[in-house]
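Here's the structure, in structure tokens; my notes come after.
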Amino acid sequence: MSHLEAHAVSVSIDSEMLLAPVSFAVPPGTALAVRGANGSGKTTLLRLLSGHLRPTTGTALLDGRPVDERSRTARRGISARIGLPAFARELTMHEQLRFIATTWGRTGSTATDAADATMRALGIFELRNRFVNELSSGQTQLLAVATALVRPFDVLILDEPEQRLDAHRRDLVAAAVRREIDRGASVVIASHSAELVASIAGATVTLGQP
Amino acid sequence: MIAALLAAGALLLGRTRGPVVPSPFLTEFLVGSDLPRSATVLRPFLASGAVLACSVVAAVGLVVAARVVGGAAASVSAVLVVLGCLGFSGLLAGLWLVGQSLPRRFTVGLAFVVTVTGATVTVDGTLPFTPWGWIALLWQGLGEPTVWWPALALALSSLALLGVPALLGNLRADEMMAQSRRWQSISALVQTGDVAGASGALRDPPTRGRRRRMPLTGPLLVAIVQRDLIAAGRFPVRIALGSMALVGAGWLTAVTSTMPEGIAWITALAGVSLAYLGVGVWCDGLRNAADNATPGSLYGRSALSMIGSHAVVPVLAAITFGSLGAMGDNNNVAWWMLLAAFIVLVRVLDCAKGPMPIGLLLPIPTPVGDVSILNAIAWQADALLIVLIVAGGLTVQVGAAGPGAAGLEATGLGAALWLAVAGALVAALALRRIRALGR
């Protein structure tokens with residue numbers, strides 16, 4: 001399992017600061033909640049931790065090495081869901097998840113089992129034969145979360161997974177994420193939901209306006 | 001045959017873009033009223049019908065006038081042809097509305113029947129029994145003794161418009177609104193230069209085949225081929241049309257070598273254009289792989305590996321269906337296989353295009369006005385232009401050698417070499433675009 005840490009990371013473009021310097025560590029089997037007002041840099045921080053953005057100052061490390069999505073190890077280790085992904089409209093929900101699992105090396109029945117387990121955990125198994133255009137916005141959000149959970153990972157990064165979800169579905173997401181923490185995964189989650197943060201995260205970092 | 005194909009096309013078009021498509025605001029307002037739908041949406045239907053009638057009369061009038069001026073047709077016959085086509089446009093408008101109003105299963109079946117009856121116009125004695133046969137009779141009558149009754153029959157056939165109120169009353173509000181919203185989005189996308197987005201909005205989402213098992217077994221390449229083939233089966237009409245287009249493209253490419261010098265370029269360009277369009281229906285997986293070539297991809301393999309694997313099914317489809325059209329001549333099939341691989345490469349290039357650089361929309365003032373639109377058009381149409389210039393041009397060259405092995409040896413190998421060079425350049429450009437998407 002992997003250890004994620006950030007040392008005084010900040011992001012600015014020209015003279016505009018998008019993320020004020022922040023430091024923290026997320027050991028295996030723990031979760032960190034990132035909180036803050038709109039525009040405080042939560043999504044920027046998550047993009048930085050997933051290796052899709054380079055910090056202007058400071059360093060983000062995965063097991064002591066700078067996080068960079070060009071590294072195969074980083075791509076395999078970090079599963080990040082920031083915004084809605086590009087779904088394949090010609091596949092059903094179950095097929096989308098099986099196909100994603102297959103591309104990550106879980107072939108045949110292993111991929112099917114992973115898709116089944118993820119869908120059951122998020123309460124969307126009954127929707128397995130639906131195409132993406134047949135989902136409500138909340139169901140689409142659950143499918144987006146499922147795409148991050150169905151593949152193997154050591155670090156899970158989720159950006160406001162509670163969006164468009166009712167209280168029951170938020171609880172299902174929280175329970176699914178807790179299972180990953182219990183398995184030993186490091187989790188970073190940005191959220192505006194106090195209940196979700198309380199039920200998942202052991203530590204919280206609150207970003208101020210940059 | 002052309003008239004029958006137009007009628008079948010009108011039936012199939014109705015579900016994607018029917019004659020009753022007001023703006024979303026008007027649709028909301030009109031369909032929510034307590035007045036009968038035959039009254040509230042009659043005006044949009046009449047407007048669409050009038051545009052259709054004017055277009056048909058203008059096109060037919062132009063051709064007929066040219067023949068009258070050239071002395072190849074009598075003026076009375078010409079007037080009868082125009083009047084007959086005007087009546088036929090009423091029938092077309094009615095069929096277009098049938099396509100929008102009635103279930104797809106019925107309209108697809110009807111379109112098939114229309115196409116089959118259209119294909120039988122060459123059989124002696126069948127012409128007097130169908131509207132497309134009447135059009136053919138009128139057309140034949142241009143240079144011969146005047147036949148008036150088909151024009152009268154066509155005028156009477158527009159009495160089918162009496163069924164319009166019932167068809168308008170059968171229109172569903174949600175489907176009308178979906179078409180209105182879709183066409184508003186397409187207008188916005190075309191105005192901003194996003195033709196790829198606009199063509200994506202035209203593709204209906206799948207509704208069938210969801211319980212067909214997708215094995216996803218074996219090596220990833222095999223799993224991706226399984227995925228693309230099963231997913232293609234969920235769009236039977238689209239896939240059938242695309243595959244028929246590929247067969248037609250193969251045939252057009254093959255007959256280029258038998259065409260006179262001045263005509264060969266028409267069949268060659270029509271063939272490669274049709275191939276480019278036809279292979280597009282097999283590229284859904286390719287497009288999804290390109291969409292996921294950006295940071296945060298869903299998939300565990302590199303963008304290049306995913307895109308390369310998803311290109312297998314389009315190549316197989318193009319080779320298989322195009323070779324059916326080019327059947328009978330090994331040299332034609334060999335040339336077609338090279339073309340198919342090149343055209344799919346160009347499809348890959350097009351899929352990896354990404355959004356249009358905003359710089360292309362910056363004004364370019366010249367003495368004749370702002371010509372920035374030319375940049376935008378060239379960017380949008382680059383793939384088709386490459387296909388037309390390279391594939392079309394080289395097909396003309398191969399065709400000029402004439403049929404037979406000797407002809408192919410003389411110029412075909414040179415053309416194949418040039419095609420390979422062009423393919424390498426397209427592949428290099430596609431690779432650059434794919435890498436740019438990942439940044």
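Quick reminder: no glycine exception, Cβ is built from N, Cα and C everywhere.
In TrEMBL this protein carries:
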| type | residues | note |
| --- | --- | --- |
| TRANSMEM | B:46-66 | transmembrane segment |
| TRANSMEM | B:78-98 | transmembrane segment |
| TRANSMEM | B:147-171 | transmembrane segment |
| TRANSMEM | B:235-256 | transmembrane segment |
| TRANSMEM | B:262-283 | transmembrane segment |
| TRANSMEM | B:304-327 | transmembrane segment |
| TRANSMEM | B:333-352 | transmembrane segment |
| TRANSMEM | B:373-398 | transmembrane segment |
| TRANSMEM | B:410-431 | transmembrane segment |
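Stretch with the largest number of CB pairs closer than 8 A to the transmembrane segment (B:410-431), among B:235-256, B:262-283, B:304-327, B:333-352, B:373-398: B:333-352.
Pairs of Cβ atoms less than 8 Å apart link the transmembrane segment (B:262-283) most often to B:373-398, out of B:147-171, B:333-352, B:373-398. Here the transmembrane segment (B:147-171) sits against the transmembrane segment (B:78-98); at least 3 CB pairs are under 8 Å, leaving out pairs fewer than 6 apart in sequence. Proximity of distant same-chain residues to the transmembrane segment (B:333-352), defined by a Cβ-Cβ separation under 8 Å and at least 6 residues beyond the stretch ends, is recorded for 196, 250, 253-254, 272, 275-276, 279-280, 283, 286-287, 289-290, 293, 307, 311, 314-315, 318-319, 322-323, 325-327, 382-383, 386-387, 390-391, 395, 398, 408, 412, 415-416, 419-420, 422-423, 426-427, 429-430, 433-434, 437.
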